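Contents: one structure, followed by commentary.
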Amino acid sequence: MITGFRLNLAPLKEPLGFIKFIEWLTAIFAFGSCGGYSGRTIVSLFCSEGRNETLNATFSYPFRLNLVALVESNTTLCNHSVPVTHLVGDSASSAQFFVGVAIICFLYSIVALLVYLGYMHVYKDSDFGPMFDFGLTAAIAFLWLVCSSAWAKGLQNVKDATGTADITSTLALCKERDVSCEVTDFANMRTLNVSVVFGYLNLIVWAGNAWIVYKETRCHSQKYTARQRAGAGRGQQVPAAI
């Protein structure tokens, strides 16, 4: 068996290689839209004297909101003494899990494409390559289901924590009768919504890829051959005895 590198671009024209290239792209969009995020929420305080105060809360990946200061130091706002106040919530675990899965998929897609384009003769020589590829692809599809669902919930927590209702309950000043608080400029979370969409899109793509890879395994080929033989046996006429 010759195990040297043989460049062959033909697999890119087939579902096995083409879908791996699609997975490489969707993984980039998934971790890029989540891991590179930074946003700012502006809170307006309406004081009884007709005077307004403004607070800014800037947060970013990995969304440890409990470390984001809404009021950075003891200060006076609307004639009230306000202590240091942070946002509430921590979505770091779900966000990092999501980005981690995306990075793993990005790297595995590169390795798989390298094998498909240069070592396909080794890949198909034994059943280990296709079976390993199938098992890992199916596991990654399941990971996309889990991490996308976890991140969707984590993103909702981020939206709630930076909304008017949660900030009003977090900032003690907002509970005073002569002060009202409102988020007047919400952080744009469009890219985070896109990241969730790409998470579930990756789930669909990797689940479909699992079936394509399974068709390369010996288990599928043996079942297909057995069905063909069974069909041929049922359609074959028994010759008459002489």
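Any Cβ shown, glycine's included, is placed from N, Cα and C.
Marked as domain 'MARVEL' by TrEMBL: 11-218. Residues annotated as transmembrane segment in TrEMBL: 21-39, 97-119, 131-152, 194-214.
Across 21-39, 131-152, 194-214, stretch 21-39 shows the highest tally of CB pairs under 8 A with the transmembrane segment (97-119). Within the same chain, residues 34, 93-95, 97-98, 100-101, 104-105, 108, 112, 123, 195-196, 199-200, 202-203, 206-207, 209-210, 213-214, 216-219 sit at least 6 positions outside the transmembrane segment (131-152) and bring their C-beta atoms closer than 8 Å to a C-beta of that stretch. Long-range Cβ contacts of the transmembrane segment (21-39) within its own chain (Cβ-Cβ under 8 Å, at least 6 residues beyond either end) map to 12, 58-61, 95, 98-99, 102-103, 105-106, 109-110, 113, 151, 187-189, 191-192, 194-195, 198-199, 201-202, 205-206, 209.
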